[in-house]
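A quick write-up on the structure given underneath.
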Amino acid sequence: MATDRKRVSAVNSTSSSLELPMDNYSQSSQADLKPRKPRVYRSKVFIIAVSFSSVLLLIMISAFAVHYTVGFPSSSLPNGGEKDALTMALPPEQRVWVEEGISELRNAVERKDNKRRAKNVILFVGDGMGPNTVTAARIMGFKEEGLMSWEKFPDMGLLKTYCANKQVPDSFSTATALFSGVKVNYETGGVDSSVPLGDCAASLNPDRHVQSILKMAQDDGKLTGFVTNTRVTHATPAALYAHTPDRRWECEQKMPAAATVEGCRDIARQLIEEPTGQKINVIMGGGRQMLVSNVTDSEADPIDTWSCKSNDGRDLIQQWANIKAANNEAAVVVQNSGELDAINAQDTDYVLGIFANGHLKYEHERDTSPSGMPSLKQMTLKALQVLRSKNQGFLLVVEGGMIDQAHHRGTARKALNEVLAFNDAINATLQALGNDLQDTLVIVTADHSHTLTINGHASKGSNIFGVAGNSKTEGTPYTTLTYGTTYQGFQPDANGLRKDPTLEDTNDWEYMQQGAINTDENYHGGSDVTIHAVGAMSYLFHGVHEQSYVAHAITYALRIGRFRDSSIAESLADLLPL
Ligand SMILES: [Zn+2]
């Protein structure tokens, strides 16, 4: 009110002082009828103009002062007005965003590049773990505000996952890009893109073979290993040691007769009989039916009927053990969780752990007793123990392979639960590493995406497997999660309309989310995937990269392969010695 009055009085005084010279002028013009001298006339105009300007300036200053006082109460203007008005205005429960923002900012400002040469590298690959899969798993496990273990890493980027001849790739071509640094044809691996799918003769040319980071690490005296919860001959691990024009050639039974005659070896034989496979210190996963002929089927350990099943009389597990014994090497074969735990890492140089005929069981249906199958975390920790015990540096690749399997079946809850199991393995690894993280590069990425979609607009805190709302055009409820492609697509009812998902339990492990396109299964998605890194040289992952960049960055961090010559490496960046 006081300021309003001030403003009114300022206006009144202005108008009265404006009228004064006008009145004077009119009085004088009435009194004096003689023509006025031009000098006097100009002088009066000059005085009036100056007076007018002064008054106008006074009005402006008053108005500014009034506006300033009203806009910013004096209590919020201490010490030059530097106080954060946003913070002052926010209720306490919302200050968390400001506090978190400042904390994240502090981390960003204080971040220092670790330029130590990496002695060890651990590469975690979540098969099919696209960005939406991570977001949905995060909400499932930790609510919207949570973070997966790798989402706290200081460095991250994106990978473009297309392969040499497809916009949306398969896991064999992407694993070859990640591990060998070149993009190759769909469903081929360990051979360059001049080798067409299924061309045995072309794949036999050693000039067409690409070398993996695992082979290069072996050549430079490092220990190597891989862990997967799929078959050890499956696409992702196979790209570490095999050179094969068709990912289906996991055993002899899926190979064309002509390819066998031409001299191509199936993937299982390459693992056990070729030099790179023989030098791998730790091999863990499933796939017994590829390594041993005519394995027995059981409910606890079913045969995978979708894939190869050897029947040529082989026992490559025994053959592996015989080779190690002949070389007098400290090697052990383990086939269940209890045997795995019993391994004494100090006394062991080689481990072959084959825990299932096909893939290992999903984490939620796994027999957790010693006679059952181990978790990804158990396998990873034991692999780490064996590889660290020799202190000569190591490369370990860990695949969370069942994320992809569950997505293919269209069962999102299983897929997301597998992401959480993958997260457990990574958390446990970081804890086990402790200070060794200083000279270990830990990377977490995915090989490709899936078509999982997170639909709007469920309330914050909602069950991620629940219903997001009702369609405004058809009235039928829809779930938050759906797929682009699935078996039975949008699951039409008897009238051909999209089925009401609430007629089923959408929280059930076996529930299949609806999809836009009806086909035989959910296909891979073509979105970029994230890559996160911590430890030695993690700063190398910083922007949008081709997937094939990863192999080059790892060989550079380890200074193996083409970067073994230190002068080449030092021309790229300052590297601190070990
Ligand atoms: Zn897949």
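The backbone N, Cα and C atoms fix where each Cβ goes, glycine too.
All annotation found in TrEMBL is predicted automatically rather than curated by experts.
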Listed alongside Asp127, Asp404, His408, Asp447, His448 for Zn(2+) in TrEMBL, from His209, His359, His364, His524, is His524
The residue range that TrEMBL labels region 'Disordered', out of 1-33, 463-495, is 1-33
Ser171 (active site, phosphoserine intermediate), Cβ-centred 10 Å count of other Cβ atoms over all protein chains shown, is 27
Reading the DSSP string in three states, the entry for Thr236 (Mg(2+) binding site) is helix
With neighbours defined as other CB atoms within 10 A, the best-packed of the binding-site residues Glu399, Asp447 is Asp447
Result for ligand 1 contact check over recorded positions Ser171, His234, Thr236, Asp404, Asp447, His448 with Cβ cutoff under 6 A is Ser171, Asp404
Smallest Cα-Cα separation from His234 (Mg(2+) binding site) among the recorded positions Ser171, Asp404, His408, His448, His524 is shown by Ser171
